[in-house]
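Among the features that TrEMBL reports, domain 'Pyrroline-5-carboxylate reductase catalytic N-terminal' is placed at A:12-98. According to TrEMBL, the feature transmembrane segment maps to A:193-211, A:237-262, A:283-304, A:338-356, A:377-394, A:406-428. As annotated by TrEMBL, domain 'Ferric oxidoreductase' applies to A:240-374.
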Amino acid sequence: MTPLGGERKQGTVCIFGTGDFGRSLGLRLLQAGYEVVFGSRDPKNTSLVPQGSKVMIHTEAAQMAQVIFIAIQRDHYQFLTSLTSSLEGKVLVDVSNNLKMGQYPQSNAEYLSSLVPGASVVKGFNTVSAWALQSGALDASRQVLLCGDEPKAKQAVVDIAHSLGLTAQDRGSLRAAGELEDIPLQLFPLWRLPLWVAAGITAFFFFYLLVRDVIYAYVEKDQDISYRIMITLANKVFPIVALVMLSLCYLPGALAAILQLYRGTKYKRFPDWLDRWMLSRKQLGLLALFFAILHVIYTFIISIRYNVIHTRDTEVIKQIKDNQSEPFDNAEAWATDSFLSLGVLGFSMFLLLGITSLPSVSNTLNWREFRFVQSKLGYLTLVLCTTHCLLYGWNKFLKPSTYKWFTPPGFMLCLVLPCVVLVLKLLLSIPCVDSRLTRIRNGWERPTRSRSMERGTAL
Amino acid sequence: MTPLGGERKQGTVCIFGTGDFGRSLGLRLLQAGYEVVFGSRDPKNTSLVPQGSKVMIHTEAAQMAQVIFIAIQRDHYQFLTSLTSSLEGKVLVDVSNNLKMGQYPQSNAEYLSSLVPGASVVKGFNTVSAWALQSGALDASRQVLLCGDEPKAKQAVVDIAHSLGLTAQDRGSLRAAGELEDIPLQLFPLWRLPLWVAAGITAFFFFYLLVRDVIYAYVEKDQDISYRIMITLANKVFPIVALVMLSLCYLPGALAAILQLYRGTKYKRFPDWLDRWMLSRKQLGLLALFFAILHVIYTFIISIRYNVIHTRDTEVIKQIKDNQSEPFDNAEAWATDSFLSLGVLGFSMFLLLGITSLPSVSNTLNWREFRFVQSKLGYLTLVLCTTHCLLYGWNKFLKPSTYKWFTPPGFMLCLVLPCVVLVLKLLLSIPCVDSRLTRIRNGWERPTRSRSMERGTAL
Amino acid sequence: MTPLGGERKQGTVCIFGTGDFGRSLGLRLLQAGYEVVFGSRDPKNTSLVPQGSKVMIHTEAAQMAQVIFIAIQRDHYQFLTSLTSSLEGKVLVDVSNNLKMGQYPQSNAEYLSSLVPGASVVKGFNTVSAWALQSGALDASRQVLLCGDEPKAKQAVVDIAHSLGLTAQDRGSLRAAGELEDIPLQLFPLWRLPLWVAAGITAFFFFYLLVRDVIYAYVEKDQDISYRIMITLANKVFPIVALVMLSLCYLPGALAAILQLYRGTKYKRFPDWLDRWMLSRKQLGLLALFFAILHVIYTFIISIRYNVIHTRDTEVIKQIKDNQSEPFDNAEAWATDSFLSLGVLGFSMFLLLGITSLPSVSNTLNWREFRFVQSKLGYLTLVLCTTHCLLYGWNKFLKPSTYKWFTPPGFMLCLVLPCVVLVLKLLLSIPCVDSRLTRIRNGWERPTRSRSMERGTAL
C-alpha cells in the first residue's frame, strides 16, 4: 500500500492538522488517487506528512480544495474564525471525537458550524480509526456515518468515502452530530443490562447452592466438600442461569402479545421497560448460550475429574467387599439417557440459534426465515432445555431428602420461569386467541374505538 | 432515534397509506432528514402518523413529491385510477407483498403499472420489514432489491435507500417484480432438498440399526436394550448420516468432471438434476457438519452415562471374582487411539470448512483461496473421516458375529459412498486425465467438432 | 435467473470475447436489463452466447456501446491495435488475469492502455469469478476492485457493478493494475508466516516430547508406549503450541510499547520485522485457537480411550488385591478441579475472542469496543491459560522424577514465553509508565527534540 504516483485525477482534498488521524487519512487519500494538501501553521515542517502530499499555510491550503477535513481538536477550533473568508462556501468535514460523553453542551460539529457560518459543515469519519485507515485492514467497522444540513456537501463526502473503499450512511441533519460523536465512546451499550442481569442471577444461585450444598454438608454432616465449588457447583449454576436467561428472551414477547390482546390494538407503544427488554433479547440469548456452552464443557470433563474417579473406584471396591453387585436398572438407564439426549439436542438447537444471529448469516435470511428461526426454533430450544431440566429431577421431586433445610434445589427454582413462558405461549397458541392476535398484528383494531376507515386497507 | 428537527433539505417523499409499513417508513425517512407527506382519505386523522409528518388527501399529497410510496394493499389499488392525472410522471414505489406465492397471475407492480400507465413504477423495499425499519437494528437483511423499467426512477429510489442506510440492488426490468414479490414468502428454498435427503438417510439407518441392534437382541437373546435408542443408536446413526452427506457433497463434482471428459467440452449444460445437486452442495455439507457435531457431543458424554458406568463396574467386579486381569493389548491401544485421533482431526477440518462457509468469511477469500478450502480441505476431511470409519471396524470386517441376521453393520453400508467418491477422485487425479480435464475447464474442446477459432483466445 | 425480456433501458454493453467469463458476464448483464453485444471474429457462430444477446464483428460491436469489456487473453491483445479508431474514446474494461504472479513485467491493463492510447482503460472485475457470476450465489467475494486513470470511465464501470448487485472499490490509478492482477493468484499470503511458525513450534515440541516420553520409556524402562503418540503426546503438544502462539500474539504489542517509550515518540516507524509481526497477530491468534480446540477435544475423549480405561481398571483391581483403598486427597481435588476450571474459562474466553474476530462481528464493533475485546479480553485469556498450565504442574516442579534425562517437561518450557509477556505487560501497566505511554500514543513527543508547535493540537 504505497502511495501511487502517476496522474492523479480524483481532485484535491485539503486536511487541516497533521496529527495522527490527519496523516493517516492523507496517506489513504493519496493511495486512492487524490491530491492532498495539508494546512499547517508551520508549512516548512513537512517531515511527517505522507510522501506525495503538500503542506501550505491554512489560507493557501483552503483555496486548493472544495472539501476540507478539520483534523484538529475542538479546543483549537477558535483560530478558524480568522479564516472565515477562505472557508466561505467550502465543505468542512468535522472528524473530531471527544474524550468522554457529553463533554460539551454543543456537539463539535455544531460548534464548528457556528464559528464558520459561511461553510457547509458535515460530521463524519469520526467512527473510523486512524489505525484502520493506516493498516488498510479495516478489521473494525468500514462504515462512515455522516450527517449535515447540506445534501450536496454530504454527497461530496460520501463520494470520498466510497473511493476509499468505505461505505457511507447518512444520519440526517447536523443535529445528529452529537449522537455520532458519542458512538466511538460507547462500550457495548446494548450488553450492559443483560450482563447485569446475568451477573445478578449467577450470584444469587451461586450463594443459594453454596449454602445448600457446601455449607449444609459442613454444618449437618461435618464434611468438607468445598473443592466442589470449582466445578460441581459451577456446573449447577451455569445451566440454571442459561435456562433462566433463555426464558427471559421469550417472556417479553409473550407479555407484549398479552398487552396487545388486552388493548385490542398494536398501535399503542409498549411501556418503556418492555421496549428496552424486547431490544435486549438478542444479547440475553447470546449470554444464555455462553452459559450453556460453559455447562456443556464442564459436563464433558466430569469423568476425568479426580473426585469423580475416586468416588467410582470407592464404590466398586465397596461392592466387591460387600460381595454384591448392583443390578442394572432399566428405568434409570432410560431416564438418564433421555435426560442427556434432550440436553444434547437442546444445545445443538441453541448453537443453531447462535449461528443464525451472526450478522453475516442473519443478513442472508429474509424476514420470514429470520422469524422462523428466532421464534419456532427458539421455542423448540426452550422446550428441549426445560424438559432436559425436568428429567434431571424426574425421581427427585418427591424425595424428602431433596429439600435440605426445607429449600428446593436450584433446578426446581429455575424451572419456574421457563414453565411460565411455555404455558403463556401455549395459551397464546389456542386457535381463537392466536387468530385474534394475528389480526391485531396485521393492523386490525378493536371496533369499539373509532378509527379511520382507511386503516384496514393500509399495509 | 427520534425525528430530528432542524432544517430538512433532503426533499419531500410522499407515502400513500398510513398502515404499519407506511408509518415505519415515514418515521425512518423523517429521521434521515426528508419531509414526509402521507396521502389519506381522511387527512384529519393524524393521530397515528409519525410526529413531524403531514397528512393530506391523496391528490394534494401527490403534488408535494416526485417519489410516492404505495403502501396499500393490492386489493385497493383500483382507487388509484381516479388519481391518474395527479400521478402523471411520478415515481410510484410498489412495496406490497402477497400472502402466498403465485396469488395473482400478474405481479402487484405490473398491475399497478397497468392501472397508472403515466407513472414510472418501481418495485422495491418489499424485502425490508416494517419492524426492521422501526427498530433501526436491521438484524435481518438491509438490502433493498428493486426493479423497474425507468433507470431514472430506479435511481431516485436507490438514493432514498442509501440515505436510509440501506444497500440497493437493481434486479432489472419490472418483469422481475413477481420474483421480488416471492422473496419474502420463501422459507429456506435451498435447504429443502438437502433436509429431505438428510431425513431420508437418517430414517433408513435408524430403522436398519433398530432392527439389527435392539430388535435382534430382543428376538434372539431375549434382552431388553431399548434404552440404547436414546444415545447408543443415535450415536451410530448420526456419524453415518454425516459421512454419507459429506460424500454427497463431493459426488456431483466428480460426476460433472466425468461428464465433461466424456463430452469433451464444458460448454454443454449439465442435466437439471446434476445442476440442482451442485447448487445444494453447501447445504449438504452444512447439514453433514450438524450431524457430525451431534455425533461428537454424544461421544463426549459416553463415559458419564449410567449404563456405560454400570457395564464397566460389572466387568471389573467380574475380573476380580475370576481372579484374572485382562492383559494390556498394544494393538488395540494403537487401533482405538488412531481411530479417535483421525476422528478428531477430521472433525476439526470439517469445522474449518464450516467456518469458511460463513458469508463474512468466504467474502474475504479470493476465488483461488475459496476453491482451495472447499476442494483440497474438503477432500482431506473426507479422507480423514472415511479412514476414521474404516478403523472403527478394523477387526470387525471378518468376524462372523458382526453380520447379525446376515446383514452388514451400519458403518459398512455407509462406507460405500465415500469410498466410491474417493476412488473417482483418485482416477480423476491421474496426470493424463487431470491434464485433459484442466484443458477442458480452461475452454478447450475436443477437436472433432467444429468450433470457432476464437474460442481458444477467449477468457 | 433467466434473461428478462421486456424493454431494456439500462443501455448497451459490449463484450469482446465469447469465452467462459465473457458469456457469464453477458448473461448477468442481460439479467440486469442491459443490452449485450458480443464482438467476435466469426459473428455467425452464436450458439454459445446467452440468449438475448447479439454477436457482431468487433468494429460493429464497438460502435454499439460506450463500455467494452475485453474478455480475451493478453496474448491476443495485439489484434486490438487494428481497431484503434473504433475504440477511440471508449471505456475498455480489462478483466484479464494471469496464470502466475509477475508473469509479465507490465500489467495487462497498462499493456492494453499502451496498445490503445485513445481509450480509457479501467482494470476491474478480475477478482470476480465466472462461476460466481453464473451461479448468482456469489459465495466468494462480491467486491469489484477497480483502478484506472479516468474518473468518469471508472464511474461507468462502478455503475455497472452496482447494477449487477456487486460492490465496487476504487483502488486508484492504473498503476495499481498489477496489484489487482495479483490478487486472484494469492493463496492466504497473511497466513504463511503464522503457519510456518506453528509448524515449527509443533515439530520442535513433538520431537522433544517424543524423546522424553516414548523413547525414554523404551530406553530406560524397556516399555513400548508408542501408542501414546496418537493422543497422549498430541494432547501435550497442542496445548503447548496454543499457549506459545497466544503469547506470540501479545509479545509484539509489548515490544512496540517499549520501543515507543524508549524513542519517546510514536511517529517513528517500527522495524520491518515488528511491523510484519504486528500484522500477523490475528492469524497467530486464530491458529492458537485452532490448537486449543484440538487440545479440548482430545481432553474430552480421554475417558473413552482403551488404555485409560485399562489403567483405571488395573488400579482398582490392584487396590482390592492389596486390600487397601486410597484415601481421598482434598488438596488434589482442589488442585485438579481448579486446573480444569481455569482451562474451561480460558478456553471460553478464547472462543469469544475468536468469534469477535469474525469479519461480520468485528464490523459491528466500534474502535473502543474492538480494542477492549482484543486487548482486555485477550490478556484475561492469556492469564487464565497460563495459570491453567501452572496449576497443571503445581506439584511437579520440585519432583526430581519430572526431570527425565535432566530435561524439563514440555509444559515448563512453554511457560517461559507467556510469563515474559505477562511480566512485560505488568511493567507497562505501572501507573507512571502507563501514563507516559498513553501520552505518547496521543501524539506527545519527548521535548528534547524540536517539533512544530502544532503537533499537540492535531488529532
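The first residue you see is number 1, and the count goes up from there.
Backbone N, Cα and C define each Cβ position, glycine as well.
Model, not experiment: these values are computed from the prediction.
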When counting Cβ pairs under 8 Å to the transmembrane segment (A:406-428), the leader among A:237-262, A:283-304, A:338-356, A:377-394: A:237-262
Positions whose Cβ lies under 8 angstroms from the transmembrane segment (A:237-262), at least six residues beyond its ends: 194, 197-198, 201-202, 205-206, 209, 270, 274, 277-278, 281, 284-285, 287-289, 291-292, 294-295, 298, 350, 375, 378-379, 381-382, 385-386, 389, 410-411, 413-415, 417-418, 420-421, 424-425, 428, 433, 436-437, 440-441
Contact set, same chain, for the transmembrane segment (A:377-394): CB under 8 Å, 6 or more residues outside the stretch: 239, 242-243, 246-247, 249-250, 285, 292, 335, 338-339, 342-343, 345-347, 349-350, 352-353, 356, 402, 409, 411-412, 414-415, 418-419, 421-422, 425
For the domain 'Pyrroline-5-carboxylate reductase catalytic N-terminal' (A:12-98), the number of residues DSSP places in helix, strand and coil: 33 helix, 24 strand, 30 coil
Segment confidence, the domain 'Ferric oxidoreductase' (A:240-374), expressed as mean pLDDT: 90
For the domain 'Ferric oxidoreductase' (A:240-374), the number of residues DSSP places in helix, strand and coil: 110 helix, 0 strand, 25 coil
